[in-house]
């Protein structure tokens, strides 16, 4: 009789243990199913690539606003700034993570400091104020003076020329500025020219896609929360 009681108690304990175990298995299985895409992305992801980009342009051309739009995916009003160093991460849909190091030389910084930045950055974004038609000649000199110095340092550079404030009435259009700049044929394949607006965000991420991939004419589908770039 006593043995039978102990057998029943033992059986109940074993059954309770099995039920608890199975409930944990079910819970873990549900979690795995729910997070399988994320786990797959972690397992198959390639190492993070670092890309350094230097912003160059005349004062008030919109450099800082464009830089912070890339980082924050929103317009940020900025006044005269000193040197800037920011980072922005992007997840490409092929599970590759790219980290952009964004540099801007302060307007009060020396030529030596700018040259140091040029040596660190294989990619340069030249920002030209398309509202300032009278300053285009100075902007052109600024682009080519720095571009040719940069070419002597880096073997495979990429030059993105962003024409800012294209959303404002009175801005010189992209075709006119491109014709005015007269990019030489020997460096044309290293350059990409695009109009943009830091206020509306137009033209910025499409151009950054070119910096990352070298592919022209691609329109990005950006998720502002996930920073997804379609490739």
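Note: Cβ is positioned from N, Cα and C throughout, glycine not excepted.
The shown structure was predicted, so the numbers you read here are calculated from the model rather than taken from an experiment.
Annotation comment: TrEMBL describes 57, 58, 59, 60, 61, 62, 63, 64 as GTP binding site. Under the three-state DSSP scheme, residue 57 (GTP binding site) falls in the strand class. Around the Cβ of residue 57 (GTP binding site), the number of neighbouring Cβ atoms within 10 Å comes to 25.
Annotation comment: TrEMBL describes 64, 80 as Mg(2+) binding site. Taking all protein chains in view, 24 other C-beta atoms sit within 10 angstroms of the C-beta of residue 64 (GTP binding site).
Taking a C-beta cut-off of under 8 Å and a sequence gap of six or more, residue 61 (GTP binding site) has these contacts in its own chain: 127, 128, 129, 132, 139, 164. Cβ neighbours of residue 62 (GTP binding site) (same chain, under 8 Å, six or more residues apart in sequence): 127, 129, 162, 164, 165, 198.
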